[in-house]
Amino acid sequence: MKRDSGQKLPHVTTRRLLDMKEQGEKIAMLTAYDYTTARILDRSGVDVILVGDSVSNVFSGHNTTLPITIEEMIYHAKAVVRGVQAETSRSMVVIDMPFMSYQLSSEEALRNAGKIMKDNECDAVKMEGGKVVVDTVKRITDVGIPVMGHLGLIPQSIYKFGSYKVRAREQKEAEELLRDAVLLEQAGAFALVLEKIPADLAAEVTRTVGIPTIGIGAGSFCDGQVLVINDMLGLNTEFHPRFVRRYADLDGVIFDAVTGYVDDVRNGQFPAEDESY
């Protein structure tokens, strides 16, 4: 779908996401980590752009999300916000709070959430976890900072669980996740990411809570969907889980373009006369 980059649509807010849930309008969310990609996503009609701590993997080359720092997250967030502002300024921008930026205490979490919000013009922060972060979520939302929750597979706890397998298959774990979803809503979270959980459980959570659910590997019954931009564009050829649909093969496109450039340079075919001054 082609969209007019000059079209000024209302900025997506937490209220708008609630309206979308109530009206049955699906929410489209993608990650971005840089200015150029954010411009394209905003122009393309993406509702929510997540500056995810997945930048640790796909941008910095780490094996997990744990090494990324709050300073690095803010750096990428600033670039994304500038990209959105350069286009239609429609997309909501949500920033992941990185590992150990909110786990030590509610006071430190509040300080770091405030730093993220003050250092760039983002719309909200995202935090992983259930009951263990509920008090912190309430503390942060009470001062006016919107928080998106994240349940199911929570990558910041990968060493605790030991794998990236589907979560909450067993009844006890499913019941706990459902309770956590309700607790997060009561604490003031405006939306929930549900990652790698059974589709029927995601549907139950979506029916139970009044806030939007955004799935990744959680079936089609969620109020919206999110993917890592590198995965859906085919930039990460080694990673192709069941829940990722590839909409392009940019790895191949970039490879062909670069090898073509290298050949032209080595053969003396670039630059041509009309590419010179």
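Cβ atoms are placed via backbone N, Cα and C, with glycine included.
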Listed in Swiss-Prot for the Mg(2+) site shared with D96, E128, one of D42, D47, D53, D180: D53
Mapped DSSP class for E195 (active site, proton acceptor), helix or strand or coil: strand
Distant-in-sequence Cβ neighbours of D96 (3-methyl-2-oxobutanoate binding site), under 8 Å, six or more positions away: L50, V51, G52, D53, S54, M73, V125, K126
Spatial separation of E195 (active site, proton acceptor) from E128 (Mg(2+) binding site) - C-alpha basis, Å: 11
Listed in sequence order, residues not in D53, S54, D96, K126 with Cβ within 8 Å of the centre of the 3-methyl-2-oxobutanoate site Cβ atoms: T31, L50, V51, G52, V55, T65, M73, I95, M97, P98
Binding-site residues compared (D53, E128) - highest count of Cβ atoms within 10 Å: D53
